[in-house]
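Below: one structure, written as structure tokens.
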Amino acid sequence: MLKKDMNIADYDPELFNAIQNETLRQEEHIELIASENYTSPRVMEAQGSQLTNKYAEGYPGKRYYGGCEYVDVVETLAIERAKELFGATYANVQPHSGSQANSAVYMALLKPGDTVLGMNLAHGGHLTHGSPVNFSGKLYNIIPYGIDESGKIDYDEMERLAVEHKPKMMIGGFSAYSGIVDWAKMREIADKIGAYLFVDMAHVAGLIAAGVYPNPVPHAHVVTSTTHKTLAGPRGGVILSAADDEDLYKKLNSAVFPGGQGGPLMHVIAGKAVAFKEALEPEFKVYQQQVVNNAKAMVEVFLERGYKIVSGGTSNHLMLVDLIGRDLTGKEADAALGSANITVNKNSVPNDPRSPFVTSGVRIGTPAITRRGFKEAESKELTGWICDILDDASNPAVIERVKGQVLALCARFPVYG
């Protein structure tokens, strides 16, 4: 018999201390990595439940194991809530990650060697959109599109490349682009050449759910997302469609299971169900609008302090600070800010002369700081501190002063109160 009072602290103090230290780090550091967020205690409760014990290969009502009557309820709740949230007629909540959701789409719609048009990683795309080091770049013929001199997606170039190469699939979505994507324009181009339009909305799914960013679901043949990031749920993936195409839905389901995965993680799917319910609440819309407001406030200060922002601003949750021409690399900026308890990530910028391991930029996002209660005033104050460090990154006195200010601000806005 397993005793209910068994705990990590008594049995495995090394692991317990690591968990406690990470909890403290999250409370005492300002999180500005655009892909990170804080999930709710309700989501964590679901993920720590006995659902982790249950194997459930297959789909609700069509399982390969017995005893699935209650996990069927859990998965059906997640599916129906995801469909309601994004206006879809199909949802698969089983992908373990956004990348696995993306790989399922490739498997369902393409054959190895097929041509795909995807956003250049150096211009803001994602590894799974055709990077040579990723399965997508190794198995498929990738044609990259990018941004123009203004930092906006170049739809003329996209259309020219589409007509020239006639890809079987076009990919929309990004990991480091601060503008609005014209999903309708992309579908128009896809229809012109008879291609599938696949959108990876992982970074902006929460904004889309709240109606503060355009929804790709009505335009794309298939859409994927992570369930964390702006959506603030557990780490995982989801596939959506409103194509009203049962054959497509069957292909997608088969590509997830048995094509790419075995048993789904039912405790994570329960966490997704909770997160989707939270995202349907009115306060979630308020939160997402504040995410965008905070990002715009940060951009305002960066520009005032003389820093270049790729695209010149932001219409979502993130911004890319371009350090080309400054005596500071993205790697150095990342480290200096980290020493002051401000967590960002180094990031390549368009036409970056430095390697992806060094870079000439940093990516900054506002989902996590907004989750802990920051508004425009705190966002602007924080950006001023960031600029102080970037202006004088080798000065330990500046870093120490900002670290003290960060700790005081974190104490005012705890993550979990």
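Backbone N, Cα and C define each Cβ position, glycine as well.
As written in Swiss-Prot, here are the features:
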| type | residues | note |
| --- | --- | --- |
| BINDING | LEU121, GLY125, HIS126, LEU127, SER355, PRO356, PHE357 | (6S)-5,6,7,8-tetrahydrofolate binding site |
| MOD_RES | LYS229 | N6-(pyridoxal phosphate)lysine |
| SITE | HIS228 | site 'Plays an important role in substrate specificity' |
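Locations of recorded Swiss-Prot features on the structure.
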{"residue": "LEU121", "record": "(6S)-5,6,7,8-tetrahydrofolate binding site", "DSSP (3 states)": "helix"}
{"residue": "HIS126", "record": "(6S)-5,6,7,8-tetrahydrofolate binding site", "DSSP (3 states)": "coil"}
{"residue": "HIS228", "record": "site 'Plays an important role in substrate specificity'", "DSSP (3 states)": "coil"}
{"residue": "SER355", "record": "(6S)-5,6,7,8-tetrahydrofolate binding site", "DSSP (3 states)": "coil"}
Same chain, |i - j| six or more, Cβ under 8 Å of PRO356 ((6S)-5,6,7,8-tetrahydrofolate binding site); the result in sequence order is SER348
Distance between LEU121 ((6S)-5,6,7,8-tetrahydrofolate binding site) and LYS229 (N6-(pyridoxal phosphate)lysine) at the Cα atoms, whole Å?
19
Whole-number Å distance between the CA of PHE357 ((6S)-5,6,7,8-tetrahydrofolate binding site) and the CA of LYS229 (N6-(pyridoxal phosphate)lysine)?
23
HIS126 ((6S)-5,6,7,8-tetrahydrofolate binding site), number of other Cβ atoms within 10 Å
23
For the C-alpha pair, I'd like the distance in angstrom between GLY125 ((6S)-5,6,7,8-tetrahydrofolate binding site) and HIS228 (site 'Plays an important role in substrate specificity'), rounded off.
18
